[in-house]
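Here it is, the structure, as structure tokens.
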Amino acid sequence: MAGQRWVRRWWATVLMVVLLVGLSALNFAPTVAQTPSPTATPVAPAMVAPAPTAPGVPTLESLQEKITNLEAKAQNEKVNLDTVWVLYTGVLVFFMNAGFCMLETGFCRQKNAVNILSKNLIVFALSTVAFWAVGFGIMFGDGSPFFGANGWFLQGADNSPLTGEAYQGIFSALNWAGIPLVAKFFFQLVFAGTAATIVSGAVAERVKFGAFFLFSLLLVGLAYPVTGHWIWGGGWLGKMGFFDFAGSTVVHSVGGWAALVGAMMLGPRIGRYQQGKSVAMPGHNLSISTLGGLILWLGWFGFNPGSTMAADAAQIAHVTLTTNLAGAVGGIAATLTSWIYFGKPDLSMVINGILAGLVAITAPCDYVNFTSAVVIGLVAGVIVVFSVSFIDNLKIDDPVGAVSVHLVGGIWGTLAVGLFSVGKGGYPWLAEVGIGSGFLLTGDGTQLFHQLTGVVAVGVYTVIFSVLAWGIIRATAVGLRVPPEEELRGLDLGEHGMEAYTGFAKE
């Protein structure tokens, strides 16, 4: 028994030793992955086959092509959107002709209603032909710092709208607007027609229809485009640093200066001033004048925001609000001023106060903050009341207050740019615009000086042109003023052989 136990222990010891040796061999022996064969031949990189592309997964080249196509499509869509925006706002400005029709007709006597309506209707037709034939070329065609010398009848090279390539054409002053040339023309045309319409009200109830017909052609074809070229067409005033965003000077002051000269050269209506005193000749229908004022207010939401010439959401929203604030505050200010000054709130002053505020904000609407817009409208509403009285005291007969609204309001709005401008970079859309800061904000009077220079230059040119144009027309067989008996009877029958209110008693 003892011998058997010894044998079993011996074999157990031997097995234990064998087991320990085997485990040690497994732990320390190198694997194939850890010890590469010294004779193995490395595989050349070129011999590695590219990984197959899974079905439906785009390649880098196809992605780049898609991105390029999307960018081109986005650019085309932007051109389409901008074009629709400009044409839509242009139609709003065109509809302002209806506003002028109603406003002026209501402010005048009923025996002259057909004449007023006829002038306001025909003036846009005349403006269309004159501006298409020569006006647009003088205003925006490449040429000298004083007038354009290309683009008659809208002819000439132009690769608008730009989609990435450099501009090639003769209307380089408008190459910043990425819309077709025809859209640019239409929007500028409705502005030109507005300038001529302003004159109609100041010369109402005594100017010959033929004389107004000829003067409108000359104004839109020759006078308006020249000063417009100075400012918007790449001319000397614009390069100097004069800024007028939507036309306080370009449109309204030009029309106002021409209206002032016309009213002075025509003289007052018969019976308007007797024994050195002013005799009121009230309009026949303030209801349609009020409607006209509201239509004009509506049209201004095309006039100013549309001048962005692009559907930039932030910019057009800003311009819309500054425009509305100035018009609203102008109406309130004129109401209170006339109430204090005349003892009663005068509806005609309320209407003209709103319009004066809108005219005044037209130049600075893109460059000023909302508080400044309120101040601009407030001042415009006050000064229009005193301006109407001042011009009346000078024995200058302006039946609708056109000179006070458009000339005085336009001058104030133009100078307001130099007083309240936030300056270059004040808003994101002004980052590349070299406008100076307003004098009242920074104490820098440079921009104000540029604005004053523009007011004087445009005024001098327009007055000289208007004196010559009205004078030449008066010297011809056409003449300037209707005969006294025709004026007393009414221009509806004398000039047109018809009446607006058949069967009604006439004043």
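Cβ coordinates are placed from backbone N, Cα and C, and glycine is handled just like the others.
Keep in mind that TrEMBL annotations are predicted by a computer and have not been checked by a curator.
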Tell me which range among 3-22, 403-422 TrEMBL lists as transmembrane segment.
403-422
What residues in the same chain, six or more past the boundaries of the transmembrane segment (85-108), come closer than 8 Å to it by Cβ-Cβ distance?
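Sequence-remote neighbours of the transmembrane segment (85-108) are 116-117, 120-121, 123-124, 177, 179, 183-184, 186-187, 189-191, 193-194, 197-198, 200-201, 204-205, 283-296, 298-303, 305-306, 309-311, 316, 348, 351, 399-401, 500.
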Would you call the transmembrane segment (370-391) and the transmembrane segment (245-266) in contact, using three or more Cβ pairs under 8 Å, pairs 6 or more apart in sequence?
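Contact between the transmembrane segment (245-266) and the transmembrane segment (370-391): absent, because fewer than 3 Cβ pairs are under 8 Å.
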Find the member of 120-140, 185-204, 245-266, 323-342 that has more C-beta pairs under 8 Å to the transmembrane segment (403-422) than any other listed stretch.
245-266
Do the transmembrane segment (120-140) and the transmembrane segment (448-473) come together with 3 or more C-beta pairs under 8 Å, pairs six or more apart in sequence?
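No, since the transmembrane segment (120-140) and the transmembrane segment (448-473) share fewer than 3 Cβ pairs closer than 8 Å, they do not count as touching.
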I need to check the long-range neighbours of the transmembrane segment (245-266): which residues 6 or more away from its ends have a CB within less than 8 Å of a CB in the stretch?
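Those are 191-192, 194-199, 201-203, 206-207, 215, 219, 223-224, 227-228, 231-232, 303-304, 307, 319, 359-367, 396-398, 402-403, 405-411, 413-414, 454-455, 458-459, 462-463, 465-467, 470-471, 474, 480-481, in sequence order.
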Give the nonlocal contacts of the transmembrane segment (323-342) in its own chain as ranges (CB under 8 Å, at least six residues past its ends).
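Sequence-distant neighbours of the transmembrane segment (323-342): 297, 300-301, 303-305, 349-358, 360-362, 365, 370, 373-374, 376-382, 384-386, 389.
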Could you tell me what the rest of the chain brings near the transmembrane segment (185-204), counting residues at least six beyond its ends with Cβ under 8 Å?
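For the transmembrane segment (185-204), the list is 86-87, 89-90, 93-94, 96-97, 100, 103-104, 107-108, 112, 115-116, 119-120, 123-124, 126-128, 130-132, 135-136, 139-140, 154, 212, 215-216, 219-220, 224-225, 247, 250-252, 254-256, 258-260, 262-263, 266, 303, 306, 309, 398-403, 406.
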